[in-house]
(Lines of atoms letter the chains of each structure in order from A and count residues from 1; the text may use other names and numbers.)
(Lines give C-alpha, C1' and ligand atoms only; values in the text may rest on other atoms or scores of the structure.)
Protein backbone atom coordinates (compact mmCIF):
# COMPACT_ATOMS: atom_id res chain seq x y z
CA UNK A 1 0.00 0.00 0.00
CA UNK A 2 1.51 3.32 -1.09
CA UNK A 3 1.73 6.27 1.25
CA UNK A 4 -1.17 8.69 0.61
CA UNK A 5 -0.29 11.95 -1.11
CA UNK A 6 -1.05 15.09 0.86
CA UNK A 7 -0.49 18.82 0.95
CA UNK A 8 2.60 19.70 2.98
CA UNK A 9 2.60 22.13 5.92
CA UNK A 10 4.45 25.34 5.10
CA UNK A 11 7.54 25.41 7.32
CA UNK A 12 8.63 28.89 6.27
CA UNK A 13 11.40 30.62 8.17
CA UNK A 14 9.97 32.30 11.28
CA UNK A 15 9.33 36.01 10.95
CA UNK A 16 11.73 38.41 12.60
CA UNK A 17 10.90 39.86 16.00
CA UNK A 18 10.17 43.32 14.59
CA UNK A 19 7.78 41.96 11.95
CA UNK A 20 5.90 39.74 14.42
CA UNK A 21 5.76 42.48 17.05
CA UNK A 22 4.43 44.99 14.51
CA UNK A 23 1.72 42.55 13.39
CA UNK A 24 0.70 41.84 17.01
CA UNK A 25 0.52 45.54 17.88
CA UNK A 26 -1.51 46.29 14.77
CA UNK A 27 -3.98 43.55 15.61
CA UNK A 28 -4.23 44.68 19.24
CA UNK A 29 -4.50 48.44 18.78
CA UNK A 30 -5.84 48.77 15.21
CA UNK A 31 -8.13 45.75 14.67
CA UNK A 32 -10.27 47.85 12.29
CA UNK A 33 -7.17 48.79 10.21
CA UNK A 34 -8.38 52.41 9.72
CA UNK A 35 -5.51 53.44 7.46
CA UNK A 36 -5.80 50.54 5.00
CA UNK A 37 -7.61 52.67 2.40
CA UNK A 38 -4.88 55.34 2.51
CA UNK A 39 -1.99 53.10 1.49
CA UNK A 40 -2.11 53.94 -2.21
CA UNK A 41 -3.35 57.52 -1.91
CA UNK A 42 -1.36 60.56 -2.93
CA UNK A 43 0.29 62.46 -0.02
CA UNK A 44 -2.27 65.29 -0.12
CA UNK A 45 -5.26 62.93 -0.12
CA UNK A 46 -3.62 60.84 2.59
CA UNK A 47 -3.25 63.96 4.77
CA UNK A 48 -6.86 64.93 4.09
CA UNK A 49 -8.20 61.48 5.05
CA UNK A 50 -6.00 61.36 8.15
CA UNK A 51 -7.45 64.69 9.34
CA UNK A 52 -10.97 63.43 8.56
CA UNK A 53 -10.28 60.27 10.54
CA UNK A 54 -9.14 62.10 13.68
CA UNK A 55 -11.63 64.98 13.32
CA UNK A 56 -14.89 63.48 11.98
CA UNK A 57 -16.42 66.96 11.58
CA UNK A 58 -14.37 67.42 8.38
CA UNK A 59 -15.81 64.18 7.03
CA UNK A 60 -19.51 65.05 7.18
CA UNK A 61 -19.53 68.86 7.13
CA UNK A 62 -18.40 69.35 3.46
CA UNK A 63 -21.43 67.31 2.30
CA UNK A 64 -23.87 68.96 4.70
CA UNK A 65 -26.92 70.68 3.22
CA UNK A 66 -30.16 72.41 4.16
CA UNK A 67 -32.23 69.22 3.78
CA UNK A 68 -30.19 67.51 6.49
CA UNK A 69 -30.28 70.63 8.66
CA UNK A 70 -34.08 70.59 8.80
CA UNK A 71 -34.01 67.20 10.50
CA UNK A 72 -31.16 68.14 12.82
CA UNK A 73 -32.85 71.43 13.78
CA UNK A 74 -36.01 69.62 14.90
CA UNK A 75 -34.00 66.98 16.76
CA UNK A 76 -31.78 69.60 18.44
CA UNK A 77 -34.74 71.62 19.72
CA UNK A 78 -36.45 68.44 20.93
CA UNK A 79 -33.46 67.20 22.95
CA UNK A 80 -33.01 70.69 24.42
CA UNK A 81 -36.48 70.40 25.94
CA UNK A 82 -35.22 67.26 27.67
CA UNK A 83 -31.74 68.60 28.47
CA UNK A 84 -33.00 71.53 30.58
CA UNK A 85 -34.98 69.55 33.19
CA UNK A 86 -32.46 66.68 33.17
CA UNK A 87 -29.55 69.10 33.60
CA UNK A 88 -31.15 70.70 36.64
CA UNK A 89 -32.24 67.32 38.07
CA UNK A 90 -28.91 65.55 37.71
CA UNK A 91 -27.01 68.52 39.10
CA UNK A 92 -29.13 68.24 42.24
CA UNK A 93 -28.33 64.52 42.25
CA UNK A 94 -24.62 65.41 42.20
CA UNK A 95 -25.22 67.89 45.05
CA UNK A 96 -24.00 70.89 43.02
CA UNK A 97 -25.95 74.08 42.16
CA UNK A 98 -28.55 73.40 39.41
CA UNK A 99 -27.08 76.01 37.06
CA UNK A 100 -24.04 73.78 36.55
CA UNK A 101 -26.31 71.14 35.04
CA UNK A 102 -27.30 73.69 32.39
CA UNK A 103 -23.68 74.71 31.87
CA UNK A 104 -22.85 71.05 31.20
CA UNK A 105 -25.31 70.94 28.31
CA UNK A 106 -23.81 73.99 26.58
CA UNK A 107 -20.07 73.50 25.92
CA UNK A 108 -19.76 69.67 25.63
CA UNK A 109 -22.21 69.30 22.69
CA UNK A 110 -20.05 71.61 20.57
CA UNK A 111 -16.91 69.59 21.43
CA UNK A 112 -18.59 66.29 20.63
CA UNK A 113 -19.87 67.52 17.27
CA UNK A 114 -16.23 68.10 16.25
CA UNK A 115 -14.61 64.89 17.50
CA UNK A 116 -17.49 62.39 17.90
CA UNK A 117 -18.07 59.64 15.34
CA UNK A 118 -21.73 58.88 16.13
CA UNK A 119 -24.47 60.60 14.16
CA UNK A 120 -27.14 59.91 16.76
CA UNK A 121 -25.51 60.32 20.18
CA UNK A 122 -26.80 63.30 22.17
CA UNK A 123 -24.44 64.29 24.98
CA UNK A 124 -25.23 65.48 28.47
CA UNK A 125 -25.07 64.56 32.14
CA UNK A 126 -26.20 61.14 33.42
CA UNK A 127 -27.77 60.08 36.68
CA UNK A 128 -25.46 57.17 37.57
CA UNK A 129 -22.23 59.16 37.24
CA UNK A 130 -23.79 62.16 38.99
CA UNK A 131 -24.63 60.05 42.02
CA UNK A 132 -21.29 58.23 41.92
CA UNK A 133 -19.40 61.55 41.89
CA UNK A 134 -21.51 62.74 44.81
CA UNK A 135 -20.87 59.55 46.77
CA UNK A 136 -17.10 59.42 46.09
CA UNK A 137 -16.20 63.11 46.43
CA UNK A 138 -18.74 63.68 49.21
CA UNK A 139 -16.83 61.21 51.39
CA UNK A 140 -13.91 63.69 51.47
CA UNK A 141 -15.63 67.08 51.25
CA UNK A 142 -19.20 67.72 52.39
CA UNK A 143 -21.41 69.55 49.87
CA UNK A 144 -23.30 71.08 52.81
CA UNK A 145 -20.39 72.12 55.05
CA UNK A 146 -17.98 73.26 52.35
CA UNK A 147 -19.86 73.56 49.03
CA UNK A 148 -17.09 75.57 47.35
CA UNK A 149 -14.40 72.96 47.98
CA UNK A 150 -16.82 70.21 46.99
CA UNK A 151 -17.60 71.93 43.67
CA UNK A 152 -13.92 72.44 42.91
CA UNK A 153 -13.23 68.76 43.57
CA UNK A 154 -16.07 67.83 41.19
CA UNK A 155 -14.39 69.92 38.47
CA UNK A 156 -11.04 68.25 39.25
CA UNK A 157 -12.55 64.76 39.08
CA UNK A 158 -14.10 65.69 35.72
CA UNK A 159 -10.66 66.83 34.52
CA UNK A 160 -9.12 63.48 35.49
CA UNK A 161 -12.00 61.70 33.76
CA UNK A 162 -11.17 63.59 30.58
CA UNK A 163 -7.45 62.85 30.83
CA UNK A 164 -8.17 59.15 31.42
CA UNK A 165 -10.61 58.87 28.51
CA UNK A 166 -8.39 60.79 26.09
CA UNK A 167 -5.33 58.72 27.01
CA UNK A 168 -7.23 55.47 26.44
CA UNK A 169 -8.46 56.76 23.09
CA UNK A 170 -5.03 57.85 21.83
CA UNK A 171 -3.39 54.65 23.10
CA UNK A 172 -6.13 52.63 21.36
CA UNK A 173 -7.02 50.92 24.63
CA UNK A 174 -10.74 50.62 24.02
CA UNK A 175 -10.28 46.96 24.87
CA UNK A 176 -10.44 47.95 28.57
CA UNK A 177 -14.08 48.95 28.16
CA UNK A 178 -14.83 45.38 27.06
CA UNK A 179 -14.13 44.22 30.62
CA UNK A 180 -17.45 45.81 31.56
CA UNK A 181 -19.58 42.98 30.23
CA UNK A 182 -23.20 43.28 29.18
CA UNK A 183 -24.23 41.47 32.37
CA UNK A 184 -22.23 43.87 34.53
CA UNK A 185 -23.73 46.95 32.86
CA UNK A 186 -27.27 45.54 33.12
CA UNK A 187 -26.88 44.84 36.84
CA UNK A 188 -25.06 48.10 37.56
CA UNK A 189 -27.66 50.24 35.80
CA UNK A 190 -30.50 48.37 37.51
CA UNK A 191 -28.94 48.74 40.96
CA UNK A 192 -28.14 52.39 40.31
CA UNK A 193 -31.74 53.00 39.22
CA UNK A 194 -32.99 51.48 42.50
CA UNK A 195 -30.82 53.64 44.76
CA UNK A 196 -31.45 56.79 42.70
CA UNK A 197 -35.20 56.24 42.93
CA UNK A 198 -34.92 55.80 46.69
CA UNK A 199 -32.79 58.96 46.92
CA UNK A 200 -35.66 60.86 45.34
CA UNK A 201 -37.90 60.08 48.31
CA UNK A 202 -36.24 63.07 49.96
CA UNK A 203 -37.72 65.39 47.34
CA UNK A 204 -40.99 63.50 46.98
CA UNK A 205 -41.70 63.64 50.73
CA UNK A 206 -40.22 67.11 51.29
CA UNK A 207 -37.56 65.90 53.75
CA UNK A 208 -34.99 68.36 55.07
CA UNK A 209 -32.61 65.90 56.78
CA UNK A 210 -31.29 62.90 54.91
CA UNK A 211 -28.41 60.43 54.83
CA UNK A 212 -25.21 60.86 52.82
CA UNK A 213 -25.06 57.09 52.17
CA UNK A 214 -26.56 55.59 49.04
CA UNK A 215 -27.32 51.99 50.00
CA UNK A 216 -30.94 50.82 50.32
CA UNK A 217 -30.81 50.16 54.08
CA UNK A 218 -29.35 53.60 54.96
CA UNK A 219 -31.76 55.48 52.68
CA UNK A 220 -34.89 53.70 53.92
CA UNK A 221 -33.66 54.10 57.48
CA UNK A 222 -33.29 57.87 56.98
CA UNK A 223 -36.75 58.11 55.38
CA UNK A 224 -38.50 56.42 58.30
CA UNK A 225 -36.36 58.08 60.99
CA UNK A 226 -37.57 61.48 59.82
CA UNK A 227 -41.26 60.65 59.49
CA UNK A 228 -42.05 63.88 61.31
CA UNK A 229 -40.75 65.82 58.25
CA UNK A 230 -43.02 64.11 55.71
CA UNK A 231 -45.21 66.63 53.83
CA UNK A 232 -48.34 65.20 52.25
CA UNK A 233 -48.61 68.21 49.91
CA UNK A 234 -45.22 67.43 48.39
CA UNK A 235 -46.08 63.73 48.07
CA UNK A 236 -49.37 64.44 46.28
CA UNK A 237 -47.74 66.80 43.77
CA UNK A 238 -44.90 64.34 43.19
CA UNK A 239 -47.24 61.41 42.56
CA UNK A 240 -49.25 63.48 40.06
CA UNK A 241 -46.12 64.49 38.16
CA UNK A 242 -44.74 60.93 38.22
CA UNK A 243 -48.05 59.47 36.99
CA UNK A 244 -48.09 61.98 34.12
CA UNK A 245 -44.52 61.15 33.10
CA UNK A 246 -45.15 57.40 33.24
CA UNK A 247 -48.29 57.83 31.15
CA UNK A 248 -46.30 59.61 28.42
CA UNK A 249 -43.73 56.79 28.47
CA UNK A 250 -46.54 54.25 28.12
CA UNK A 251 -48.00 56.30 25.26
CA UNK A 252 -44.62 56.30 23.48
CA UNK A 253 -44.39 52.50 23.76
CA UNK A 254 -47.91 51.99 22.38
CA UNK A 255 -47.62 54.66 19.67
CA UNK A 256 -43.96 55.18 18.70
CA UNK A 257 -44.87 58.10 16.41
CA UNK A 258 -45.85 60.05 19.53
CA UNK A 259 -42.29 59.88 20.92
CA UNK A 260 -42.25 63.68 21.09
CA UNK A 261 -44.92 63.63 23.81
CA UNK A 262 -42.59 61.67 26.09
CA UNK A 263 -39.65 63.88 25.03
CA UNK A 264 -41.28 67.17 26.05
CA UNK A 265 -43.05 65.73 29.12
CA UNK A 266 -40.19 66.60 31.54
CA UNK A 267 -40.17 70.16 30.23
CA UNK A 268 -43.97 70.32 30.69
CA UNK A 269 -43.55 69.13 34.28
CA UNK A 270 -40.95 71.83 34.96
CA UNK A 271 -43.02 74.63 33.40
CA UNK A 272 -46.25 73.54 35.12
CA UNK A 273 -44.32 73.10 38.37
CA UNK A 274 -42.86 76.62 38.12
CA UNK A 275 -46.27 78.16 37.47
CA UNK A 276 -47.85 76.16 40.31
CA UNK A 277 -45.07 77.03 42.77
CA UNK A 278 -45.23 80.74 41.87
CA UNK A 279 -48.98 81.19 42.18
CA UNK A 280 -49.59 78.73 45.04
CA UNK A 281 -46.62 79.98 47.10
CA UNK A 282 -45.50 76.36 47.32
CA UNK A 283 -42.66 77.10 49.77
CA UNK A 284 -45.20 77.97 52.47
CA UNK A 285 -46.70 74.49 52.11
CA UNK A 286 -43.43 72.59 52.47
CA UNK A 287 -42.73 72.23 48.74
CA UNK A 288 -39.10 73.23 48.25
CA UNK A 289 -37.96 75.00 45.06
CA UNK A 290 -34.65 75.18 43.18
CA UNK A 291 -33.90 78.78 44.07
CA UNK A 292 -31.87 81.39 42.24
CA UNK A 293 -30.36 80.53 38.85
CA UNK A 294 -27.86 83.07 37.56
CA UNK A 295 -28.19 84.46 34.06
CA UNK A 296 -25.12 84.19 31.82
CA UNK A 297 -22.79 81.78 30.06
CA UNK A 298 -20.32 79.39 31.66
CA UNK A 299 -17.67 81.17 33.74
CA UNK A 300 -14.11 79.78 33.52
CA UNK A 301 -13.23 77.22 36.19
CA UNK A 302 -9.70 76.17 35.26
CA UNK A 303 -8.38 78.20 38.18
CA UNK A 304 -10.51 76.12 40.56
CA UNK A 305 -8.95 72.75 39.74
CA UNK A 306 -7.60 71.40 43.01
CA UNK A 307 -4.44 69.27 42.89
CA UNK A 308 -3.78 69.37 46.63
CA UNK A 309 -2.19 66.01 47.63
CA UNK A 310 -4.76 65.80 50.42
CA UNK A 311 -7.60 65.50 47.89
CA UNK A 312 -5.77 64.02 44.91
CA UNK A 313 -6.51 60.32 45.68
CA UNK A 314 -10.26 60.87 45.89
CA UNK A 315 -10.48 63.02 42.73
CA UNK A 316 -8.35 60.58 40.73
CA UNK A 317 -10.42 57.63 41.97
CA UNK A 318 -13.70 59.38 41.21
CA UNK A 319 -12.42 60.40 37.77
CA UNK A 320 -11.25 56.92 36.80
CA UNK A 321 -14.34 55.03 37.99
CA UNK A 322 -16.89 57.46 36.56
CA UNK A 323 -14.81 57.81 33.40
CA UNK A 324 -14.86 54.07 32.76
CA UNK A 325 -18.61 53.82 33.40
CA UNK A 326 -19.37 56.89 31.28
CA UNK A 327 -17.27 55.50 28.41
CA UNK A 328 -18.89 52.09 28.53
CA UNK A 329 -22.39 53.58 28.61
CA UNK A 330 -21.75 56.19 25.91
CA UNK A 331 -19.97 53.81 23.50
CA UNK A 332 -22.54 51.04 23.98
CA UNK A 333 -25.44 53.43 23.37
CA UNK A 334 -23.78 54.97 20.31
CA UNK A 335 -23.14 51.52 18.82
CA UNK A 336 -26.68 50.35 19.56
CA UNK A 337 -28.29 53.16 17.59
CA UNK A 338 -25.67 52.97 14.80
CA UNK A 339 -26.53 49.29 14.27
CA UNK A 340 -30.16 50.24 13.70
CA UNK A 341 -29.01 52.27 10.68
CA UNK A 342 -26.39 49.70 9.57
CA UNK A 343 -23.62 52.14 10.49
CA UNK A 344 -20.52 51.90 12.65
CA UNK A 345 -18.95 54.00 15.38
CA UNK A 346 -15.29 53.97 16.37
CA UNK A 347 -14.93 53.27 20.11
CA UNK A 348 -11.47 54.85 20.30
CA UNK A 349 -12.63 58.05 18.60
CA UNK A 350 -15.59 58.16 20.95
CA UNK A 351 -13.23 57.95 23.93
CA UNK A 352 -11.17 60.84 22.57
CA UNK A 353 -14.35 62.88 22.02
CA UNK A 354 -15.60 62.15 25.55
CA UNK A 355 -12.17 62.97 26.93
CA UNK A 356 -11.97 66.34 25.19
CA UNK A 357 -15.54 67.08 26.31
CA UNK A 358 -14.66 66.55 29.94
CA UNK A 359 -11.27 68.28 29.85
CA UNK A 360 -12.70 71.41 28.22
CA UNK A 361 -15.81 71.06 30.38
CA UNK A 362 -13.75 71.07 33.58
CA UNK A 363 -12.23 74.38 32.39
CA UNK A 364 -15.68 75.90 31.76
CA UNK A 365 -17.76 75.05 34.85
CA UNK A 366 -19.10 71.73 33.52
CA UNK A 367 -19.07 68.40 35.26
CA UNK A 368 -18.94 64.90 33.78
CA UNK A 369 -20.84 64.37 30.52
CA UNK A 370 -21.31 61.37 28.22
CA UNK A 371 -24.06 60.00 25.95
CA UNK A 372 -27.21 59.30 28.03
CA UNK A 373 -29.66 56.75 26.68
CA UNK A 374 -32.86 58.80 27.11
CA UNK A 375 -31.53 61.84 25.29
CA UNK A 376 -29.96 59.75 22.51
CA UNK A 377 -33.20 57.81 22.01
CA UNK A 378 -35.12 61.08 21.67
CA UNK A 379 -32.50 62.42 19.25
CA UNK A 380 -32.74 59.25 17.14
CA UNK A 381 -36.53 59.19 17.11
CA UNK A 382 -36.66 62.90 16.26
CA UNK A 383 -34.90 62.05 13.00
CA UNK A 384 -31.41 63.48 13.51
CA UNK A 385 -29.07 62.96 10.57
CA UNK A 386 -25.70 64.15 11.88
CA UNK A 387 -23.95 65.50 14.98
CA UNK A 388 -25.32 68.94 14.01
CA UNK A 389 -28.25 68.21 16.34
CA UNK A 390 -25.78 68.60 19.23
CA UNK A 391 -24.73 71.99 17.82
CA UNK A 392 -28.38 73.06 17.70
CA UNK A 393 -28.83 71.93 21.30
CA UNK A 394 -25.72 73.90 22.29
CA UNK A 395 -27.11 77.10 20.75
CA UNK A 396 -30.52 76.54 22.36
CA UNK A 397 -28.83 76.06 25.73
CA UNK A 398 -26.85 79.28 25.13
CA UNK A 399 -30.10 81.20 24.62
CA UNK A 400 -31.54 79.56 27.73
CA UNK A 401 -28.54 80.59 29.84
CA UNK A 402 -28.56 84.13 28.49
CA UNK A 403 -32.26 84.86 28.80
CA UNK A 404 -34.39 82.09 30.36
CA UNK A 405 -32.40 80.57 33.24
CA UNK A 406 -33.85 82.79 36.01
CA UNK A 407 -37.36 81.67 35.02
CA UNK A 408 -36.61 78.17 36.32
CA UNK A 409 -35.89 79.32 39.88
CA UNK A 410 -39.41 78.32 40.94
CA UNK A 411 -38.98 74.70 39.78
CA UNK A 412 -40.20 72.49 42.64
CA UNK A 413 -37.66 69.93 43.81
CA UNK A 414 -40.48 67.38 43.84
CA UNK A 415 -40.87 67.90 40.07
CA UNK A 416 -37.17 67.15 39.56
CA UNK A 417 -37.50 64.06 41.76
CA UNK A 418 -40.42 62.85 39.66
CA UNK A 419 -38.42 63.39 36.44
CA UNK A 420 -35.46 61.43 37.79
CA UNK A 421 -37.63 58.59 39.12
CA UNK A 422 -39.45 58.28 35.80
CA UNK A 423 -36.16 58.12 33.90
CA UNK A 424 -34.68 55.57 36.31
CA UNK A 425 -37.65 53.20 36.25
CA UNK A 426 -36.89 52.59 32.58
CA UNK A 427 -33.34 51.47 33.39
CA UNK A 428 -34.34 48.43 35.45
CA UNK A 429 -34.30 45.77 32.75
CA UNK A 430 -36.19 42.90 34.38
CA UNK A 431 -36.68 41.07 31.08
CA UNK A 432 -32.94 41.01 30.39
CA UNK A 433 -32.18 39.71 33.88
CA UNK A 434 -34.70 36.87 33.42
CA UNK A 435 -33.19 36.18 29.99
CA UNK A 436 -29.71 35.94 31.52
CA UNK A 437 -31.01 33.48 34.12
CA UNK A 438 -32.49 31.25 31.43
CA UNK A 439 -29.49 31.36 29.07
CA UNK A 440 -26.41 31.56 31.32
CA UNK A 441 -26.52 31.18 35.10
CA UNK A 442 -23.00 32.55 35.58
CA UNK A 443 -23.87 35.69 33.62
CA UNK A 444 -26.92 36.04 35.85
CA UNK A 445 -24.69 35.80 38.96
CA UNK A 446 -22.41 38.50 37.51
CA UNK A 447 -25.46 40.69 36.88
CA UNK A 448 -26.84 40.12 40.38
CA UNK A 449 -23.45 40.88 41.96
CA UNK A 450 -23.56 44.33 40.41
CA UNK A 451 -27.27 44.82 41.13
CA UNK A 452 -27.20 43.76 44.78
CA UNK A 453 -23.72 45.19 45.44
CA UNK A 454 -24.74 48.63 44.19
CA UNK A 455 -28.09 48.47 45.98
CA UNK A 456 -26.92 47.27 49.40
CA UNK A 457 -23.23 48.24 49.67
CA UNK A 458 -22.04 51.01 47.34
CA UNK A 459 -21.75 51.75 43.65
CA UNK A 460 -18.00 51.22 43.32
CA UNK A 461 -18.00 48.04 45.43
CA UNK A 462 -20.90 46.59 43.43
CA UNK A 463 -19.11 47.37 40.18
CA UNK A 464 -15.84 45.83 41.37
CA UNK A 465 -17.62 42.68 42.62
CA UNK A 466 -19.25 42.16 39.25
CA UNK A 467 -16.09 42.90 37.22
CA UNK A 468 -14.14 40.62 39.56
CA UNK A 469 -16.55 37.73 38.93
CA UNK A 470 -16.42 38.38 35.17
CA UNK A 471 -12.59 38.31 35.26
CA UNK A 472 -12.68 35.13 37.35
CA UNK A 473 -14.85 33.56 34.70
CA UNK A 474 -12.43 34.67 31.96
CA UNK A 475 -9.52 33.20 33.96
CA UNK A 476 -11.40 29.93 34.33
CA UNK A 477 -11.86 29.82 30.56
CA UNK A 478 -8.09 30.33 30.16
CA UNK A 479 -7.13 27.85 32.89
CA UNK A 480 -9.64 25.22 31.78
CA UNK A 481 -9.78 25.50 27.98
CA UNK A 482 -12.21 23.61 25.82
CA UNK A 483 -11.05 20.27 24.42
CA UNK A 484 -13.04 17.59 22.66
CA UNK A 485 -12.70 14.23 20.95
CA UNK A 486 -13.48 14.22 17.24
CA UNK A 487 -15.10 11.50 15.17
CA UNK A 488 -15.81 11.26 11.45
CA UNK A 489 -19.24 12.19 10.11
CA UNK A 490 -20.42 9.25 7.93
CA UNK A 491 -20.18 9.73 4.16
CA UNK A 492 -18.06 12.86 4.48
CA UNK A 493 -14.54 14.04 5.25
CA UNK A 494 -15.74 16.13 8.21
CA UNK A 495 -14.61 15.49 11.80
CA UNK A 496 -16.78 16.83 14.62
CA UNK A 497 -17.20 16.60 18.40
CA UNK A 498 -18.46 13.13 19.26
CA UNK A 499 -20.53 14.48 22.15
CA UNK A 500 -22.31 17.02 19.95
CA UNK A 501 -22.66 14.55 17.05
CA UNK A 502 -23.25 11.06 18.54
CA UNK A 503 -23.48 9.59 15.02
CA UNK A 504 -19.83 10.39 14.27
CA UNK A 505 -17.56 7.36 14.22
CA UNK A 506 -14.15 7.03 15.92
CA UNK A 507 -11.11 5.96 13.91
CA UNK A 508 -9.68 2.56 14.89
CA UNK A 509 -6.31 2.96 16.58
CA UNK A 510 -6.41 6.77 16.19
CA UNK A 511 -7.50 9.34 18.79
CA UNK A 512 -8.30 12.81 17.39
CA UNK A 513 -8.46 15.66 19.92
CA UNK A 514 -9.20 19.30 19.24
CA UNK A 515 -7.83 22.08 21.47
CA UNK A 516 -9.71 25.37 21.36
CA UNK A 517 -7.73 28.07 23.15
CA UNK A 518 -4.22 29.55 23.55
CA UNK A 519 -1.84 27.25 25.45
CA UNK A 520 -0.19 29.12 28.32
CA UNK A 521 1.49 28.40 31.63
CA UNK A 522 -1.92 28.71 33.29
CA UNK A 523 -3.52 25.84 31.38
CA UNK A 524 -0.66 23.68 30.10
CA UNK A 525 -0.78 21.23 33.03
CA UNK A 526 -4.53 20.84 32.63
CA UNK A 527 -4.16 20.19 28.90
CA UNK A 528 -1.55 17.50 29.50
CA UNK A 529 -3.70 15.78 32.14
CA UNK A 530 -6.82 16.08 29.99
CA UNK A 531 -5.11 14.51 26.96
CA UNK A 532 -3.81 11.63 29.05
CA UNK A 533 -7.26 11.12 30.55
CA UNK A 534 -8.78 10.93 27.07
CA UNK A 535 -6.25 8.22 26.19
CA UNK A 536 -6.97 6.31 29.41
CA UNK A 537 -10.74 6.54 28.86
CA UNK A 538 -10.40 5.45 25.25
CA UNK A 539 -8.25 2.44 26.07
CA UNK A 540 -10.54 1.53 28.94
CA UNK A 541 -13.58 1.33 26.66
CA UNK A 542 -12.35 -1.78 24.83
CA UNK A 543 -10.18 -4.66 26.04
CA UNK A 544 -9.39 -5.72 22.49
CA UNK A 545 -5.72 -5.41 21.60
CA UNK A 546 -6.67 -4.40 18.07
CA UNK A 547 -8.44 -1.27 19.35
CA UNK A 548 -5.58 0.16 21.39
CA UNK A 549 -4.54 3.75 20.60
CA UNK A 550 -1.42 3.95 18.45
CA UNK A 551 -1.75 7.50 17.11
CA UNK A 552 -2.77 10.77 18.80
CA UNK A 553 -3.73 13.68 16.54
CA UNK A 554 -3.90 17.14 18.12
CA UNK A 555 -5.92 19.61 16.02
CA UNK A 556 -4.47 23.06 16.83
CA UNK A 557 -6.68 25.07 14.43
CA UNK A 558 -8.22 26.93 17.38
CA UNK A 559 -4.94 27.55 19.22
CA UNK A 560 -3.95 31.14 18.50
CA UNK A 561 -0.71 31.21 20.51
CA UNK A 562 1.57 29.16 22.75
CA UNK A 563 4.23 30.07 25.31
CA UNK A 564 7.39 28.26 26.41
CA UNK A 565 5.58 26.39 29.18
CA UNK A 566 3.11 25.10 26.62
CA UNK A 567 5.95 23.89 24.37
CA UNK A 568 7.61 22.14 27.32
CA UNK A 569 4.26 20.48 28.03
CA UNK A 570 4.13 19.18 24.46
CA UNK A 571 7.67 17.78 24.82
CA UNK A 572 6.75 16.10 28.10
CA UNK A 573 3.54 14.75 26.56
CA UNK A 574 5.54 13.31 23.66
CA UNK A 575 7.89 11.50 26.07
CA UNK A 576 4.91 10.01 27.95
CA UNK A 577 3.28 8.93 24.68
CA UNK A 578 6.52 7.36 23.42
CA UNK A 579 6.66 5.24 26.58
CA UNK A 580 3.10 4.07 25.80
CA UNK A 581 3.91 3.34 22.15
CA UNK A 582 1.71 6.16 20.86
CA UNK A 583 2.83 8.47 18.06
CA UNK A 584 2.01 12.20 18.35
CA UNK A 585 0.99 14.24 15.28
CA UNK A 586 0.01 17.91 14.96
CA UNK A 587 -2.76 19.15 12.66
CA UNK A 588 -3.00 22.64 11.16
CA UNK A 589 -0.98 24.81 13.58
CA UNK A 590 -1.36 28.55 13.02
CA UNK A 591 1.58 30.67 11.99
CA UNK A 592 2.28 32.09 15.48
CA UNK A 593 2.23 28.59 16.99
CA UNK A 594 4.27 26.97 14.23
CA UNK A 595 6.94 29.69 14.43
CA UNK A 596 7.44 29.11 18.16
CA UNK A 597 7.46 25.32 17.74
CA UNK A 598 10.10 25.72 15.05
CA UNK A 599 12.28 28.07 17.11
CA UNK A 600 12.02 25.71 20.10
CA UNK A 601 13.17 22.76 17.89
CA UNK A 602 9.91 20.92 18.65
CA UNK A 603 9.34 20.33 14.93
CA UNK A 604 12.73 18.63 14.73
CA UNK A 605 12.01 16.58 17.85
CA UNK A 606 8.87 14.93 16.46
CA UNK A 607 9.76 15.31 12.78
CA UNK A 608 8.19 17.55 10.15
CA UNK A 609 6.45 14.50 8.72
CA UNK A 610 4.26 14.55 11.86
CA UNK A 611 2.62 17.85 10.87
CA UNK A 612 -0.49 17.82 8.68
CA UNK A 613 -2.70 20.41 7.03
CA UNK A 614 -5.98 18.59 7.70
CA UNK A 615 -7.36 15.87 9.92
CA UNK A 616 -8.23 13.76 6.87
CA UNK A 617 -4.60 13.85 5.70
CA UNK A 618 -3.40 12.87 9.16
CA UNK A 619 -5.93 10.02 9.47
CA UNK A 620 -5.02 8.62 6.05
CA UNK A 621 -1.35 8.68 7.03
CA UNK A 622 -2.14 6.92 10.32
CA UNK A 623 -4.14 4.24 8.50
CA UNK A 624 -1.24 3.68 6.13
CA UNK A 625 1.11 3.38 9.12
CA UNK A 626 -1.24 0.97 10.92
CA UNK A 627 -1.64 -1.14 7.78
CA UNK A 628 2.12 -1.28 7.25
CA UNK A 629 2.67 -2.23 10.89
CA UNK A 630 0.01 -4.94 10.70
CA UNK A 631 1.52 -6.34 7.48
CA UNK A 632 4.98 -6.44 9.06
CA UNK A 633 3.67 -8.31 12.09
CA UNK A 634 1.90 -10.89 9.93
CA UNK A 635 5.03 -11.68 7.89
CA UNK A 636 6.89 -14.82 9.17
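Each residue, glycine too, has its Cβ placed from N, Cα and C.
In TrEMBL, the annotation transmembrane segment applies to 390-408, one of the ranges 371-389, 390-408, 485-503.
TrEMBL lists transmembrane segment at one of the ranges 79-98, 99-118, 119-138, 179-198, namely 179-198. Residues 318-339 are the range that TrEMBL records as transmembrane segment, among 54-75, 296-317, 318-339, 516-537. Of the candidate ranges 149-173, 179-198, 442-472, 149-173 has the most C-beta pairs within less than 8 angstroms of the transmembrane segment (351-370). For the transmembrane segment (390-408), same-chain residues at least 6 beyond its ends with a Cβ under 8 Å from one of its own Cβ atoms are 72-73, 75-77, 79-80, 83-84, 88, 98-99, 102-103, 105-107, 109-110, 112-113, 116, 121-123, 270, 274, 290, 292-298. In the predicted model, the domain 'STAS' (500-622) has a mean pLDDT of 88.
When the stretches 149-173, 318-339, 442-472 are ranked by Cβ pairs under 8 Å to the transmembrane segment (205-224), first place goes to 442-472. Beyond the transmembrane segment (318-339), the same-chain residues lying 6 or more positions past its ends with a Cβ under 8 Å from any Cβ of the stretch are 117-121, 123, 126, 128-129, 132-133, 136-137, 156-165, 168, 174, 176-177, 180, 185, 188-189, 345, 347, 350-351, 354, 358, 368-373, 376-377, 380, 460, 463. Put simply, of 258-280, 413-430, 442-472, the stretch with the most CB pairs closer than 8 A to the transmembrane segment (179-198) is 442-472.
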